[in-house]
Amino acid sequence: MAQLPPGIRFITSFSRDQWYRAFIFSLTFLLYASFHLSRKPISIVKGELHKHCASQVELDSYKEYAAQIQPVKKPFNASQCGWEPFDKSNYKQLLGALDYSFLCAYAVGMYLSGLIGERLPIRYYLTGGMLASGLFTAMFGLGYFYNVHNLWFYIMAQIANGLVQTTGWPSVVTCIGNWFGKGRRGLIMGVWNSHTSVGNILGSLIAAYWVSTCWGLSFVVPGVIVAVMGVVCFLLLIERECFSHGGLLLLKLCPCLESFFPEHCYVWYFISDPKDVSCSCTPSSHGGEANISTEFVVSSKTFLNGASRCRIQMPTLNAKENGKPQ
């Protein structure tokens, strides 16, 4: 038989679980980088929202020069000192209001997001947050195209965006923690956390590209990117519950399950805090195929679906390697 090419040997040298981990690492990296990408435009666009007005002498000289050349039609959004209402003398307070409205909403929303996120599937929760974040990020930029000059429109866009942005961090951290556990968490989180810088760099480049010509696109384009990544999250994010408190406790109580870890994570998916668990693992054989019949007896309160007994029969991966059940 011909020898496999080096590339195929490299691919097959990793298990399915290892490939899943690499995929989740990359996917969550991109997902949260897109969150940071959408937060950066406001700091870039501030210089366009309020332009430093020229002195009166400079304006008079410019008017004399402009009278001698062919007049150019003034764009509907052009303003001598920026974009109304940020072209006033109190522009610093108004621009500051955009910042602290986002930050206050983010601080409050982070607390609420943790409580809500624990009760919802990560994939749905993160997808909803990214779609909403894309909507409210683009909403700020739509003020340019619809010629909106109401301060509260921009403040409300910032508040809403701050609230929905809080869905990102608890979700991705939970997902990456469930897949990698505690063994190499320091190394994994150190490398993975660089998504912050990557997102900020990309957000700055996108916003800077459009800020001088059409600053509305500095928000609309990142908003579209976040929304698209939300769809990607819904289609591709793989949840894993194996490293939850209940899952680890059951694995200790039922060592015979270790042979099936992590392919049969759903065994303890519904168990939140199994304080009263008894486990029996009985080897059996049916049709020449080795099986392990595992029975859990759990107090009714620990089962989220209301059941009190769960009996599952699973084929062993290799009867010789598994040995005798404990």
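Cβ coordinates come from backbone N, Cα and C, glycine included.
TrEMBL lists transmembrane segment for one of the ranges 192-211, 252-271, namely 192-211. Against the transmembrane segment (124-146), stretch 217-238 has more CB pairs under 8 A than any other of 19-37, 94-112, 192-211, 217-238. In this chain, the transmembrane segment (152-180) touches the transmembrane segment (94-112); three or more CB pairs sit within less than 8 A of each other, excluding pairs fewer than 6 residues apart.
Under 8 Å from some Cβ of the transmembrane segment (152-180) lie the Cβ atoms of residues 20-21, 24-25, 28, 31-32, 35, 38-39, 42, 97-98, 101-106, 108-110, 112-114, 117, 122, 125-126, 128-130, 132-133, 136-137, 139-140, 143, 188-189, 192, 237, 239-244, all in the same chain and six or more residues away from its ends. Residues 25, 28-30, 32-41, 44-45, 47-48, 176, 217-219, 221-222, 225 of the same chain sit 6 or more residues outside the transmembrane segment (192-211) yet have a Cβ under 8 Å from a Cβ within it.
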